[in-house]
Structures are given as C-alpha cells and as structure tokens.
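According to TrEMBL, the protein has these features:
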type: ACT_SITE; residues: Glu988; note: active site, proton acceptor
type: BINDING; residues: Cys40; note: [2Fe-2S] cluster 1 binding site
type: BINDING; residues: Cys80, Cys83, Cys115, Cys117; note: [2Fe-2S] cluster 2 binding site
type: BINDING; residues: Ser250, Val251, Gly252, Gly253, Asn254, Asp263, Leu307, Lys325; note: FAD binding site
type: BINDING; residues: Ala816; note: Mo-molybdopterin binding site
type: DOMAIN; residues: 237-317; note: domain 'FAD-binding PCMH-type'
Amino acid sequence: MLQLSGLGCTDACHTGSAGAVSPWGEGGFLCCYHFSANACLAPICSLHHVAVTTVEGIGSTKSRLHPVQERIAKSHGSQCGFCTPGIVMSMYTLLRNQPEPTMEEIEDAFQGNLCRCTGYRPILQGFRTFARDGGCCGGSGENLNCCLNQKEDHTVTLSPSLFNPEEFMPLDPTQEPIFPPELLVGDADALGRGPATSGCHEARETLVKHTSGDLCALALWVFLSSSDTGGQAPVSHTPKGTHTSRIHMSVGGNIITASPISDLNPVFMASGAKLTIVSTGTRRTVRMDHTFFPAYRKTLLAPEEILLSIEIPYSREGEYFSAFKQTSRRDDIAKVTSGMRVLFNPGTVQVKELALCYGGMADRTISALKTTQRQISHFWNEGLLQDVCAGLAEELSLAPDAPGGMVEFRRTLTLSFFFKFYLTVLQKLGKENSEDQCGKLDPTHASATLLFQKDPPANVQLFQEVPKGQSEEDMVGRSLPHLAAAMQASGEAVYCDDIPRYENELSLRLVTSTQAHAKIKSIDTSEAQKVPGFVCFISADDVPGSNITGICNDEMVFAKDEVTCVGHIIGAVVTDTREHAQRAAQAVKITYEDLPAIITIEDAIKSNSFYEPELKIEKGNLTNGFSEADNIVSGTGAQCNLGEWVGPGLGRGRGLLRNHSPFRQVGFMKTGRVVALQVEHYSNAGNSMDLSQHVSRMHPCILGVVNGKSKAGPTSIGLLTSCLIFVFFSRENCWKKRGLSIIPTKFGISFSNPFLNQGGALIHVYTDGSVLLTHGGTEMGQGLHTKMVQQASSPVASVSAAHLHVTSGKSSPLSASVSSSEACQTILKRLEPFKKKNPSGSWEDWVMAAYLDAVSLSATGFYKTPNLGYSFETNSGNAFHYFSYGVACSEVEIDCLTGDHKVRIWDWVQAVGSESLTALQVEGAFVQGLGLFTLEELHYSPEGSLHTRGPSTYKIPAFGSIPSVFRVSLLRDCPNKKAIYASKAVGEPPLFLAASIFFAIKDAIHAARAGNMDHKMKKLFQLDSPATQEKIRNACVDKFTRLV
C-alpha cells in the first residue's frame, strides 16, 4: 500500500474509492505516460522508476490552484469533497496525456470515480471547458441546450450556467512539472511496461530461479498470429474495469487469477488462443481450452511457471466472433460474460466449428461443449437457434443457492447472448450469402444487436438570476460556490481520519452481534486481552447511568442479555491503536442461544410483528362508501390491480417500492368513479422505532435488521401516473422498447415530532470585523455553512462573506437559518447608533466604535417552527410547515434481452423559492433517487446478515449513469412566505422525482410484454423497486425466459 501523508489521499473508505495520486513514468516505450492510481491500492513495487504526484502537488489555496482544481470548485462540482481529490487527479492525468481531450475521453477518465452527491452534471459541465468539443456550438443547432435556442422572457433573467468560463485560469501545459531526470531508464522497464527484450527475459529467469511458491504471472506479449503468413502483430489491451484499476492490470494477470467472471478468459477460450509458458530451463505452449481452468481460481500452470505470451489467431474466411458482458454499471464487474465463435464450411452456412464460452456460470470459465458439438454440420437457421437455446438451458444450470444469486437472470442471459450472436452473424451473412439453408433476419430484430451508446452529454441547469436591483453585497440567491470547495479540490480539507493522533490516544472498536435474534449466554474476552495494547472491554455493565437510549426509549447503548439484529452493539474494546482494536474486537467470543428471527415484511405480517400505536388516516365513512358501491374488488397488491377494473389510467403506473403497499379493497360505481378505498401500508422499521412511524406513516414492522429509515419518506408517497407508449418505436423494434413517465411531487417539510423543529445560533463579532457564527444545523457537505454565510452577510450588508466563519450543531437547516438571522438582527440594532454617528464609515469602524463603547458584540438567536402538530385520531392539525413542489418527465429505453436500460431524456422543474444554494442539492438528490429506484438493492441472508455492504456489492450511480439529456429548471418566482428569504428545502424533495425513471421503465416493460402476444401472460404485473437489470429482464417474458 502506498501510504502518503497528504490529506488528499483519504483514508476512511479503505476500499480504493478515494485515492488521489498521479504516478507517471518515462522510458522508450511509455515516453513519459501519466496514469492515475488509487493510493491505497498501488503496491510500492509498481512505482519503480516512476514519479508520483498527489493532489497537493498540483496546486494549493495557499499559493495557486491548478486550473483543474479551480474549475471543479467554481462549477459547484464539490459537495462533501470526499471524492473530489480523486476526480481532480483523474482529470489532471488526462490533461497531461491529452491537453485537448474530447468529452468522451473526459467521461471515460472518470470510470471508477464515484460522487453521486453532486449529481455528476456540475463536474462534467465544469470540465467541459477543457474539451475541444465542449465549448460554444456557435448556434449550429446541434446542441439542444444552446443559449440561442432559449425563449426570451423579459420578466425574468434565465442563466444556463452557474459560472463564467472566461474567469477561469487557462491551462498551460508548459507550466507543468517535468519528469525527474534521475528516474530516467532505458528502452525497457523491469516491471514489464515495455517490450520484451533479452534484458527483461533475463530478469524473469532470475525471478523464477529465486522465487518459490505462488507467483503472480505477468504476460509481456500479446500478439495476433496468422496461420497463412506467419506474421505477428502486437495487441494493446487491458481487461475491462475502472480507469484507475486497468492501469495496474495486465492481460496475463487476468488469465492467471482465473476469475470465474473474467471478461477476457471466455474470449481467449473461444478464440483458441495459445499460451507460452516458461520456467527455468523449460518452455511449452498450451491451448486455452475447457481444460485450462481445472477448478476455482486454478490453472494448468505449475507454481514455478509464468506466462510469457498469448497468441490469438486471426479469424479465417467464414469465421465470425463476438463477445458479450453484462454489468450493473458501465464500469462495473460482470454478472455474465461470454465469447462466441462460429466457423462455416467454405462457401456455405453449415457449421464446421462452434465455440460458446461463458464466465459467471460456474466456479470457472466454461465451454458449452455438449451443446456446440451437436451443432456440427447444422445450418445457421431458426432450427439451430432453438436447439442451441434448449441445449444451453439444460447444460448451463445453476443451483438455487449458487454464489452470486440471480439464477434465473444469469441463465436467461446465456440464451440472450447467443441470440444476439445469432442475429449478428445473420446480419453479416445477409450481405455475403443468400443460401436457402440460411435463416432470414427479421428487420424488427436488428436493433437487438446494437449496444447502448453513450451520447455526448447535453445537460444544463436553468435558474432565474437575482433581481437586477439587488445589491452586489447581498449574496442571497447568488450561485456562491461551496465555501470548502477549494480546500477539498486541493486535498487540504481535514476529515475525521485525517486528524493526527494525540499523545496517549486510545482507539475504540465496537463488538457487534452476528445473530439476528438471540440471547447472549456469555462474553469471553480472554483472547482479546492477549492482543498488544489492550486496555479494556466495555459493555452494558459499565454504563454508569441508564443504558436506555433512542427517541422512543426502545434502544440500548449496549445490548443486555438479548440482541435483536445482526450488527447490534454488544460492547467495545479499547486499545492503543486502531489495528490492535480491530484484532481485539475480532478476538471477543460471544455465545448465543438462537431465538426466532423475523427478517422480511412478509414474515412480520404473518407474525403480527408491529410497533404500536397503529396510525390510521380516514376520511369520510368507509362503511357507507362500500355499501353504495356498484362493484367491490378485494385483494393484495400482487393479486389485483385497481386499473384492471376502473380504467387503464389508474393501473398502469402502479409499482411496489421498498415498502409494501398491499391493496385491500376498492368500491366503485359503474361509471368507474371510486367511492371507497381501503389500503394498508407496511414499512421496514428494523429493530427500533426511531422516526420510522413519523417518516413513513405506515405499519412499522419489527424486523431483525438494523433500522433503515432515511429513505422511507419519498418511497411512501403514493402517486398515480399516466404513462405513454412509444407505439412506432415499439412496432419497429422487437427487442428494444421505450417508456415515458411524468411524475409530480408534493413534499412536506418538517419533522413530525414538534420538538425536533428547533434550533439556536450564536454570533460573535470581533474587533477586526470578522464574524464567527455557530448554528444548530448539521453541515454534511451539502453546503449549509455556505448558506449560513450568504444569509448572515445579507442583514449585515457591509460584511463580506470572506469575513464570516461558521461552526455547526445538529438541528434542521430552517431552524439554523432563522435563528442565525435573529442573532444578526440583534447585532445590527446594537450597531445602529454608531452607523448614524458615522454613516460613511466601514463595518470595521462601527464594530470598533461599539467595542470602545463597551457594547456587547455577541448575540444568540432561537427559532422553533410554529403551528406544528398532527393528530391521527382526529385527522386534524399540521404535519408540515409548508410543501415543496416539483415535476419530472423521463424517457428511457430498455434492452429486453439483457435488462439493461438507458435514460435518454430527463426533464425536471423544481420550485425553490429564493433558495440560495440549490446547485449543490437538487441534482445530487436526483442521482441518489436514480440509484434508489434502479440500482441500489439490499440483499440479506436468511439469517439477517446484509450481503451488500460496500461498493463492490452495493452499486451506486456513476458518471455514465446520468441521462444523456439532463435538463434542470429551478423556479424562483414562487416565494415561500413561511421560510427565511422566501426559500424552500431542496435536499430531499427532488429525490422522489427519480421515480419517474422507474415508472418509465415499467412502461417500456409493458410494451415488451404486449409485443409477445404468443406467450400468454397477465396484462398487469408487479415490478418492485429498484428496477434492476435482473428484474427488468425477468419481467420481459419471452421464449428465452420460459426455457429456464
């Protein structure tokens, strides 16, 4: 591990997600090539003859920011800042290699960088200024968001950009550091980044001679070989992965690690590649076939052998080859991979050779030998397609509990991939062959062979500028960049794990339950006490006061006698270092007596496991409504659908989200008018109540999992949507479908518990004019400090924002804002006499005069949200202080064969009042919603353990996930009289609008199912959120899904 002292190499993630270094080497082969790397994943040995530059080395707030750092900061591309150094170094590396990149190259450079809280659009828009194809289009009409295409409105001033590119420092490549001359080497590199010369070969011979045991082999040569000419041509390729990880990969390493989901191994196996293997005094060549991987992570290589070269044969006349890979994201690891090859007898479409190789379908890369051998001498037509699919369904079976899950999806993909291969070959044969034995390509099937292409981004955020008469000193409503953005971009921001250790500092590590529900029989710390630096073990017996905690007093600081979820805190070990604390915590042995565990909402309903009291909202007389109805339909969400009876407009958009909303009973008239509706909602409240009941307003189920309430609000909003079908596109494309959905949202702003809606603020004004503001809000990276500076500098109009310094607490932003304003007004009143005496004076003059007159320059403010309090018993009172409104329209396209989807267009309008910092909030909320409704799926084991606990298993959106056309309009002409400066909350409200993508996907699936009329299926279907590739593919029922 490369451990650097700079703060930019963030330490807390421990997963390689935030590294920020840019190593660069120079030699005959690389000729000074720059590449970015994850600091915590780069081995020291990989830096031989390499210069390393960290994010701190390219610019600083104390001297001068680099243009990359400046542009990401001023374009609102940094929010929490945790990921910013890594993004900066990815862009910096690209510019060192390509000073004038294209937008496609910029997007590719960010594969592996994650930063969903910004929404990605601001980052791309800021870095677009570096691209040679990213400037003004000159009114050519090719850019949908061209400023010349905007309608003129003289009542408001619309702005399509939060920054002025002309203010940026120009990029000057001549001012970058040169490569250190003392690191220069010859034409070859001993680590294998250059050509295979005799010197390198001798180094390998020496390495083999002096190494025993396992050795990670590295292939230095990959070449194509032609049996006709005997010529060889080198191939430059690295395995598919993130941009930073591919730099440290090699083709040979991809082969020798023998990953069962490798993307290259099925390709090599299907192509019949030959591998040259060497050891001391020996050299042999083996063909990479079905015998090369005898078992999981095993190859035919002996421990003392290394892989020297790979020979890939050229394709012959009448030979066709394709490769396929299915991933959750564009830059992600694969679920299923494949390499497929067919060779026809000369001048015919009769199969001579057929190779179908797969990854992700066993514990190693496999070849479907039984299926392919049966196809020899068969013709490439519908009969062969049916026989191959039936054979693959039989040969490539998976156990129901196979590692990786998604059994039906993965098996279906093997058939879908071959169908795509079959169509691809038909397309090529159609141009070359007209034999009767050859199948004919249905024109409506042609789009199945096309991949989703990432179109050049056409993204814009339109917002109304402040009124023309507003003072320049008044920062409210202006696009002020995040106060900490420059420090975050330069790696100077300090996070918790960046704080240096104090002398005699101790480290604490929690000991948590491994059982979902059990009695604690004993806790044995004897082994933990043997760990060096062990100090003590803390448990419930050591709590001096009450061990009870939580808003509802139903939690414990440490579990006592019984645990109620996996991860329940039982105790903690204290040692001298973090490493010792981790070892000691793992050494604590806990004996359990298992108790019945409830893991799912279905189990909770069966067991009647709910928190009390039950919340109910009833309007009108339900009994009378049902008695007057002409028709009454009963059922659950999975059994029945309201739209089936009272009209398609109601039923088309229904989909179950993270929480369950079973439909119970509906009464309606002959005309379709609903007169009575009874619905019961259930939510996952985990093992403690907390705010679950107030947030979701459902039956909170008691489950043996950790309480997860944070996203319950948006998912509990019930909205009926009307989706339009793209009839023409669906008719012309059998295996690609499009869907459309428009969704409004009305989001209530306030905590339901009245006592949570309060906050205080403290202001100190110092004699030099600087102001220290301490408020009750929580700065989580969303820019609350920046908002406070804007609002506090407005009442004290002569104070520059640079004079304000902010610290925070943990109350709501509204409470923090109003209480801060109140404290500011108190200070202003005290300064008023001094301003009258010296009207031409400065802020510093008035402050000093007040100080000399012994006037207090400190003040407090306090605010509580008025008129809150809703009663479920009487259905009266105010649950919210005000509402935030928005609407979004999504157009998506799905691949019915793989379940992949692409968000083509996303239009969004959000009312923000006179909000002062919307740029950092709205798009981040959308991208988090995009993940919530399409990617981020939680998987629990039957025992209640969470499987998806990191970026390798829990997938969040990346740069390539955002829509191709992403248009955001922020409306300020909708002032909110109930909040300070007529602003509105913009953090959570937009999150639910991403559900329009979910319902657009469902609309597209509906079109796919409607197009398969030969397969009898119900018109109505259930689609649970998130709409992952697995769920989309399984819902698009067709002849392939029925085979598995």
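Each residue, glycine too, has its Cβ placed from N, Cα and C.
Looking only at the binding-site residues Cys115, Asp263, Lys325, the one with its C-alpha closest to the residue listed as 'active site, proton acceptor' is Cys115.
Sorting the domain 'FAD-binding PCMH-type' (237-317) by DSSP state (H, G, I as helix; E, B as strand; all else coil) yields 18 helix, 20 strand, 43 coil.
In the predicted model, the domain 'FAD-binding PCMH-type' (237-317) shows an average pLDDT of 86. Counting in whole angstrom, Lys325 (FAD binding site) lies 28 from Cys83 ([2Fe-2S] cluster 2 binding site) by their C-alpha atoms.
Taking Cα separation as the measure, Ser250 (FAD binding site) is nearest to Cys40 of the binding-site residues Cys40, Cys80, Cys83, Cys115, Cys117. Counting only the Cα atoms, the space from Asp263 (FAD binding site) to Cys117 ([2Fe-2S] cluster 2 binding site) is about 30 angstrom.
Cα to Cα, Leu307 (FAD binding site) and Cys40 ([2Fe-2S] cluster 1 binding site) are separated by 27 Å. Other residues of the chain with a Cβ within 8 Å of the Cβ centroid of Cys80, Cys83, Cys115, Cys117, the [2Fe-2S] cluster 2 site, are Ser78, Gln79, Gly81, Phe82, Thr84, Leu114, Arg116, Thr118, Gly781. Cα-Cα distance from Cys40 ([2Fe-2S] cluster 1 binding site) to Gly253 (FAD binding site): 20 Å (rounded to the nearest whole number).
For Gly253 (FAD binding site), the nearest neighbour among the binding-site residues Cys80, Cys115, Cys117, judged by Cα separation, is Cys115. Every protein chain shown contributes to the tally, and the Cβ of Ser250 (FAD binding site) ends up with 21 other Cβ atoms within 10 Å.
For the binding-site residues Gly252, Gly253, the largest tally of other C-beta atoms within 10 A is found at Gly252. A simple Cβ count within 10 Å picks out one of the recorded positions Asp263, Glu988 as the most packed, and that one is Asp263. Calculated from their C-alpha atoms, the gap between Val251 (FAD binding site) and Cys80 ([2Fe-2S] cluster 2 binding site) amounts to 36 Å. In sequence order, Gln79, Cys80, Gly781, Gln782, Gly924, Val927, Gln928 constitute the residues six or more apart from Cys117 ([2Fe-2S] cluster 2 binding site) in its chain with CB-CB distances below 8 Å. In this structure the residues listed as binding FAD are Ser250, Val251, Gly252, Gly253, Asn254, Asp263, Leu307, Lys325; their two most distant Cα atoms lie 25 Å apart.
When the alpha carbons of Cys83 ([2Fe-2S] cluster 2 binding site) and Asn254 (FAD binding site) are compared, the span between them is 28 angstrom.
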